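Below is one structure; the comments refer to it alone.
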Amino acid sequence: MTAVVGLSWSKSLSQTQLAYSSQSLLTTHLSRTLRGNTAWIYAIAISPDGKTLASGSYDRKIKIWNLQTDKLLHTFKGHADAVVSLSISPDGKTLASGSWDNRIRLWNLKNGELLRTFSGHSDDVESVAISRDGKTLVSGSWDRTVKVWNISTGEVRSSFYHTNAVKAVAISPDGQLLASSTKDGKIMIWQLAGGILKTSLAAHNRAVSALAFSPDGKQLASGSDDRTIKVWNPQGQLPHVLTGHNNAVWSVAFSPNGQQLASGSYDRTIKLWNLKTGQLLDTFTGHNKAVWSVAFNPQDNTLVSGSADETIKIWQLAKPPLKPLSHLRF
């Protein structure tokens, strides 16, 4: 919810951005920028140990980076169209990639071996997610279906049907629920095992391009082309609306402790929100084109972003917790 070519990389050190409010002066550091890409970066994913970054791009390639050295380790080739979604398994050994070539591929993250190709969608694959137990892969497609796959066999366990193109999918941490969203602004919450539709929400008035469950599974965040982010409970009740972006929101990510939410937008910015208060903590500027994907590193205090400007940026989050810039609208 997010094109990388070449091997060069660089560090942009001590680039400090200041965001002003009547309450405080906030300081956020752009610690590093990974360069050398020649196409839009649509997707990023970070391994559970925080050491490896995968990026997928318009040039059909996946690049694997060492986050400790910022060096490019591998380039995976195999897709016939843009790679727009990535998911790393909980054990950090495999990577799933979704592409506009209608296929999902499963890779050995360490050496780039292609382990399996999942074929079954008849149109672009927009989103993929691996369950926390590593046994299930879910994919959402422009063909209006969500497919649930057995990772070990490559077989389709079930298909969930929608009335419009599916833009995003997310699996709850306990593996019980599947959330899917569509181009016409709807969110569906399903019982993953039985395929029972539990809740259907007319959530946004434009496409919902991003979904994420909180680490404890008690919240679901949705980002939309209507420029808003909504935070729901799994039953689809009481949305909290986060406003501040001035263009489509294409990526959302919860912090590892579930207390903050990051959002990436076509407006070229990343925003960081306090989920307890609903307040805007900070706005990160530095990309000069749309921000397609954001992800927190689970092992340190950094946030990573991928952009249409062909760069990956690594942001050092401020300590102590930032003070608010603005408020949540209910």
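Glycine is no exception: its Cβ is also placed from the backbone N, Cα and C atoms.
Taken straight from TrEMBL:
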REPEAT    34-75  repeat 'WD'
REPEAT    76-117  repeat 'WD'
REPEAT    118-159  repeat 'WD'
REPEAT    162-192  repeat 'WD'
REPEAT    201-233  repeat 'WD'
REPEAT    242-283  repeat 'WD'
REPEAT    284-317  repeat 'WD'
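Looking at which of 34-75, 76-117, 201-233, 242-283 has the most CB pairs under 8 Å to the repeat 'WD' (162-192), the answer is the stretch 201-233. Confidence over the repeat 'WD' (118-159), given as mean pLDDT on the 0 to 100 scale, stands at 98.
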